[in-house]
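Peer 1: For reference, the structure I am asking about is given below.
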Amino acid sequence: MGLVGSLFSFIVFLSCLIAVCGQGTRIGFYSTTCPNAETIVQTTVTSHFASDQKIAPGLLRMHFHDCFVQGCDGSVLISGPNTERTAGANFNLRGFEVIDDAKTQLEAACPGVVSCADILTLAARDSISLTKGQSWQVPTGRRDGRVSLATNVNNLPSPSDSVDVQKRKFAAFRLNTRDLVALVGGHTIGTAACGFFTNRIFNTTGNRADPTMDQTFVPELQRLCPLNGDASSRADLDFGSGDTFDTSFFNNLSRGRGILQSDQVLWTNPTTRSIVQEFIASKDSFNVQFARSMVKMSNIGVKTGANGEIRRVCSTVN
């Protein structure tokens with residue numbers, strides 16, 4: 001084959017690893033069938049973001065919840081009794097109207113071509129760009145699933161998960177420890193309901209807080225989330241920088257200012273702490289790993305070719 005041929009094959013191999021060629025998705029899938037597809041999604045997300053910046057973390061979280069249940073097939077978008085949207089873990093998902101808006105425009109431009117699963121995947125990427133994160137190329141070509149059951153929403157990471165439990169849940173989808181830390185780093189944007197962490201800032205007597213927390217930070221959280229207060233009130237997961245995609249989230253973990261227990265243990269556990277330290281030291285390292293991990297995650301259990309369908313309306317099967 002020769003040196004040049006070997007080098008070319010190696011480059012192609014690396015490209016396939018990044019784009020997950022074996023899954024059937026590829027960069028530029030709609031370049032001939034709907035060349036403006038990505039622009040239409042980006043413009044739609046940007047428009048909604050201009051009126052409500054919380055749409056960005058909402059779309060990112062929705063994509064995550066879609067992929068971890070039945071794969072990245074847009075099943076979380078289907079509405080109706082006993083669908084994934086009705087599961088407790090999905091009660092507060094937001095951004096459905098953004099996906100519906102983009103789908104309406106895409107159906108007008110290219111009827112029956114662009115899947116809802118791809119729209120959600122692209123919208124999640126665009127949300128990172130809008131919050132000052134680094135963009136990346138998204139392999140597309142997913143088809144939409146026809147099944148959405150609340151009973152399948154049973155393996156999403158929990159705010160109380162240990163590192164070992166999180167590792168098992170991510171490993172089930174061939175996501176490694178670096179992927180885990182990078183993807184949890186998506187918490188640099190977004191909020192959490194008080195009910196998910198009041199147990200850390202109050203114990204049963206209502207006084208002592210989790211000793212792994214910065215004790216000077218606790219009173220501020222207690223003011224935001226008083227004992228016996230509204231459990232649905234929310235606080236930024238990346239305190240002080242909740243609207244910007246950056247490495248402040250990891251800095252907060254190093255200071256004992258992680259809001260969720262599942263976030264803070266990434267610092268207290270030595271198997272993940274070194275990765276957190278790496279991301280603190282280099283924003284570029286975090287951005288590159290986050291993009292790589294998002295591409296891997298977005299190819300979990302995708303339906304391509306003759307599998308699935310292209311929904312005409314994202315909230316219902318054809």
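From the backbone N, Cα and C atoms, a Cβ is placed for every residue, glycine too.
Curation does not apply to TrEMBL; its annotations are automatic.
Annotations per TrEMBL:
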- 1-22: signal peptide (SIGNAL)
- 24-318: domain 'Plant heme peroxidase family profile' (DOMAIN)
- Cys34-Cys110: disulfide bond (DISULFID)
- Asp66, Val69, Gly71, Asp73, Ser75, Glu84: Ca(2+) 1 binding site (BINDING)
- Cys67-Cys72: disulfide bond (DISULFID)
- Cys116-Cys314: disulfide bond (DISULFID)
- Pro157: substrate binding site (BINDING)
- His187: heme b binding site (BINDING)
- Thr188, Asp238, Asp246: Ca(2+) 2 binding site (BINDING)
- Cys194-Cys225: disulfide bond (DISULFID)
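Show me how these features fit into the structure around them.
Peer 2: Close to Cys110 (disulfide bond) in the fold, though at least 6 residues off in sequence, lie Tyr30, Thr33, Cys34, Ala37, each with a CB less than 8 Å from its CB.
Around the Cβ of Val69 (Ca(2+) 1 binding site), the number of neighbouring Cβ atoms within 10 Å comes to 26.
Cβ contacts within 10 Å of Cys72 (disulfide bond), excluding its own Cβ and spanning all protein chains shown: 28.
Over all protein chains present, the Cβ of Cys314 (disulfide bond) has 23 other Cβ atoms lying within 10 Å.
Under a cutoff of 8 A between CB atoms, and with a sequence separation of 6+ in the same chain, the neighbours of Pro157 (substrate binding site) are Phe68, Val165, Gln166, Lys169, Phe170, Ser262.
For His187 (heme b binding site), the same-chain residues that are 6 or more apart in sequence and have a Cβ closer than 8 Å to its Cβ are Leu237, Asp238, Phe249, Leu260, Asp263.
Here Asp246 (Ca(2+) 2 binding site) comes close to Lys132, Gly133, Thr188, Asp238, Lys283: these same-chain residues lie at least six apart in sequence, with C-beta atoms under 8 angstroms from its C-beta.
Contacts of Cys194 (disulfide bond) defined by a Cβ separation under 8 A and a same-chain sequence distance of 6+ are given as Leu224, Cys225, Gly229, Asp230, Ala231, Ser232, Ser233, Arg234, Ala235, in order along the sequence.
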Peer 1: Please give me the CB contact count at 10 A for Cys225 (disulfide bond), counting all chains in the structure.
Peer 2: 24
Peer 1: Give me the long-range Cβ neighbours of Ser75 (Ca(2+) 1 binding site): same chain, 6+ apart, Cβ under 8 Å, in sequence order.
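Peer 2: Once residues fewer than 6 apart are set aside, Ser75 (Ca(2+) 1 binding site) is near Asp66, Val69, Thr83, Glu84, Asp144, Gly145, Val147, Ser148.
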Peer 1: Neighbourhood of the Ca(2+) 1 site (Asp66, Val69, Gly71, Asp73, Ser75, Glu84): other residues with Cβ within 8 Å of the Cβ centroid, in order?
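Peer 2: Filtered neighbour residues, in order: His65, Cys67, Phe68, Gln70, Cys72, Gly74, Val76, Gly145, Ser148, Asn152, Gly301.
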Peer 1: Using the centroid of the Cβ atoms of Thr188, Asp238, Asp246 as reference, list every other same-chain residue with Cβ within 8 Å of it (recorded Ca(2+) 2 site), in sequence order.
Peer 2: Gly185, His187, Ile189, Ser241, Gly242, Thr244, Phe245, Thr247, Ser248, Phe249, Phe250
